[in-house]
Amino acid sequence: MASLSSTPSMEEEKEGSVSVQQSNPQSQHIAASSSTMDLPSNPSWFTPKRLLFIFCVVNMINYLDRGTIASNGVNGKKRTCDDKGICKSGSGIQGDFDLTNFQDGLLSSAFMVGLLVSSPVFASLAKSHNPFRLIGVGLSVFTLATAGCGAAPSFWFIAICRMLVGVGEASFISLAAPFIDDNAPVSQKTAWLAVFYMCIPTGIALGYVYGGLVGEHLNWRYAFWGEALLMFPFAVFGFVVKPLQLKGFSSVESKKALTPMETVSTVTDDLDASKVKGHILVGGDGISADELNKTFKSLDIHNILNRLSQFGKDMKVLLVDKVYVVNVLGYVAYTFVLGAYGYWGPKAGYNIYHMKSADMLFGGITVVCGIFGTIAGGFILDCMSATINHAFILLSGATFLGAISCFSAFCLRNLYGFLVLFAVGELLLFAAQAPVNFVCLHCVKPSLRPLAMAMSTVSIHIFGDVPSSPLFGVVQDHINNWRTTTLMLTSIFFLAAGFWFIGIFLPSVDKCNDENDTQVSPNPMVDTKTLPDGNGDKGPAEVQGSNFRPPC
């Protein structure tokens with residue numbers, strides 16, 4: 001260290017810190033753990049219930065957008081002409097841009113492009129970046145994209161904006177569920193997930209009503225501008241909130257401390273005064289700025305390759321997990337039908353049963369059945385003792401009975417009989433929302449949960465509701481019979497029930513605690529005074545060192 005004798009004392013202290021970190025990795029690890037454990041038990045104003053509330057509102061706005069674009073008031077109808085040559089002008093998006101049913105169906109699926117590209121990226125970046133910042137980025141894109149939809153001058157412009165809307169969902173859906181699972185009470189984890197996923201049907205249903213009212217009284221463009229205003233505060237919130245950590249991931253700060261080259265980079269960035277005649281003094285040796293930049297560039301390339309390699313390994317783990325694959329296959333078939341229901345339901349109801357207020361009826365049924373069905377599914381699984389096997393039993397049974405009810409509903413000619421049977425069917429079908437995501441979260445180890453949720457979301461969209469809407473439009477264009485087309489679609493629910501029935505017989509292990517012994521970052525919202533197993537009087541560091549394994 002003699003070569004540093006002429007430098008200021010502050011530099012000596014920081015250089016010495018770098019040297020200690022390089023020479024004593026054990027003390028470095030302890031220091032990192034200590035700094036992580038020193039985090040306040042309740043950063044900012046967060047409590048688990050507040051976190052759940054915020055995530056629920058954001059999730060509802062995400063799916064409000066789905067219902068809005070599907071509503072008759074916003075989606076509208078195309079221009080029609082009768083045999084006498086008398087034409088009626090179209091309305092909404094379909095009328096303004098003169099779209100076919102196929103083009104119209106593409107708009108409901110366009111968001112998938114952004115979702116496909118962004119979901120794996122956000123899931124991977126969660127390992128090295130603050131998840132709330134990632135959510136803030138995604139929701140900012142969502143805000144701008146929905147505003148762009150309202151200002152769209154052409155079909156292709158609004159299609160591109162719909163693609164960008166998928167980025168908002170990608171940043172949020174892969175990270176929100178793991179946060180909720182981490183912070184929910186042990187005996188109510190599925191119930192909390194049920195409350196979160198209840199916002200999907202509720203948001204879609206409110207979107208029907210919202211889009212119908214705004215489109216009828218103002219203009220369909222105002223509906224999208226209203227969405228942008230609703231989401232804007234949450235986009236800002238994602239950038240300003242104090243960071244929270246996920247189980248299975250060490251904090252960003254501790255990772256920086258554990259990486260000597262990154263520590264050197266931080267020191268050299270902060271100490272511009274350490275540049276002496278074009279050299280930067282690191283560890284007592286003179287290294288030119290150009291050489292250091294080249295080193296950092298090579299490290300960046302190496303980090304990118306490592307991340308791609310790790311992503312490939314993680315994907316292989318998911319694809320060979322039979323429980324995960326069977327669960328997702330059932331979810332794909334289930335979403336295929338619900339996606340087409342959500343987009344074409346009001347139009348099908350209007351054409352089959354001549355409903356005067358199809359948006360309001362479908363919206364009302366979906367809200368009530370979505371709330372009670374989703375919450376009931378979560379509470380029932382918790383009462384059964386939330387296990388993967390019990391989840392599959394509930395999934396297959398509820399979906400099979402719901403499929404029978406919905407199929408029978410569309411066979412009836414009477415409107416009131418249809419409404420009763422369809423409501424019962426939706427009540428049973430929405431009971432699957434919490435159990436299917438419970439399986440997705442608990443059949444993989446904690447560090448794979450964001451990726452498991454991301455790939456599940458990508459799969460159910462790319463193979464589920466994305467192709468189902470345009471395919472439904474194509475079949476309807478050729479058959480020209482709404483009842484027959486809808487019955488063909490509904491029969492796919494039986495396929496979903498079959499996949500989940502297979503899952504009952506697969507050996508399954510809950511892996512939610514697989515990595516706890518090796519993780520540095522605890523849940524920052526856990527009150528260490530209330531920890532079980534006699535650790536209530538111990539400090540955070542003592543609990544960390546006691547091989548404590550909190551229940552899932």
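Just so you know, glycine gets a Cβ as well, placed from its N, Cα and C.
The region 'Disordered' annotation in TrEMBL covers 1-39 (among others).
TrEMBL lists 17-28 with the feature compositional bias 'Low complexity'.
If you average pLDDT over the domain 'Major facilitator superfamily (MFS) profile' (51-510) in this model, you get 80. Residues or ranges marked as domain 'Major facilitator superfamily (MFS) profile' in TrEMBL: 51-510.
Feature annotation from TrEMBL assigns transmembrane segment to 106-125 (among others).
The annotation transmembrane segment is assigned in TrEMBL to 191-210 (among others).
Beyond the ends of the transmembrane segment (222-241), by six or more residues, the same chain brings 44, 46, 54, 57-58, 61, 64-65, 68, 73-74, 132-140, 142-144, 146-147, 149-150, 168, 210-211, 214-215 to within a C-beta distance below 8 angstroms of the stretch. The feature transmembrane segment is assigned by TrEMBL to 222-241 (among others).
What TrEMBL records for 323-344 (among others) is transmembrane segment. Within the chain carrying the transmembrane segment (323-344), a Cβ under 8 angstroms from the stretch's Cβ atoms is held by residues 66-67, 70, 105, 108, 204, 388, 392, 395, 399, 429, 432, 436, 439-440, 443-444, 452, 455-456, 459-461, 463-469, 471-473, 476, 486, 489-490, 492-493, 495-500, 502-503, 506, 508, all 6 or more beyond its ends.
Annotated transmembrane segment per TrEMBL: 360-380 (among others), in sequence order. Distant neighbours of the transmembrane segment (360-380): 67, 190-195, 197-198, 200-202, 204-209, 212, 345-346, 349, 394, 398, 419, 422-423, 426-435; these residues of the same chain sit at least 6 beyond its ends, with a Cβ under 8 Å from one of its Cβ atoms.
Marked as transmembrane segment by TrEMBL: 392-410 (among others).
For 416-439 (among others), the entry in TrEMBL reads transmembrane segment.
With a cut-off of 8 Å between Cβ atoms, the residues of this chain six or more beyond the transmembrane segment (487-506) that come close are 322-323, 326-327, 329-334, 336-337, 340-341, 388-389, 392-393, 395-397, 399-400, 402-403, 406-407, 410-411, 429, 436, 439, 468, 472, 475. Sequence annotations record features per position, and here TrEMBL assigns transmembrane segment to 487-506 (among others).
Look at TrEMBL and you will find 516-552 (among others) tagged as region 'Disordered'.
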Message = With Cβ-Cβ distances below 8 Å as the criterion, list the same-chain residues six or more beyond the ends of the transmembrane segment (416-439) that contact it, or say none.
response = 177, 189-191, 193-194, 197-198, 200-201, 323-324, 327, 330-331, 334, 338, 353, 361, 365-366, 368-370, 372-374, 376-378, 380-381, 386, 388, 391-392, 394-395, 398-399, 401-406, 408-410, 453, 456, 493, 500, 503
Remote residues contacting the transmembrane segment (191-210) - C-beta distance under 8 A, at least 6 residues beyond either end = 52, 55-57, 59-71, 176-177, 180-181, 184-185, 223, 226, 342, 346, 359-360, 362-367, 369-371, 373-379, 382, 426, 430, 433-434, 437-438, 441
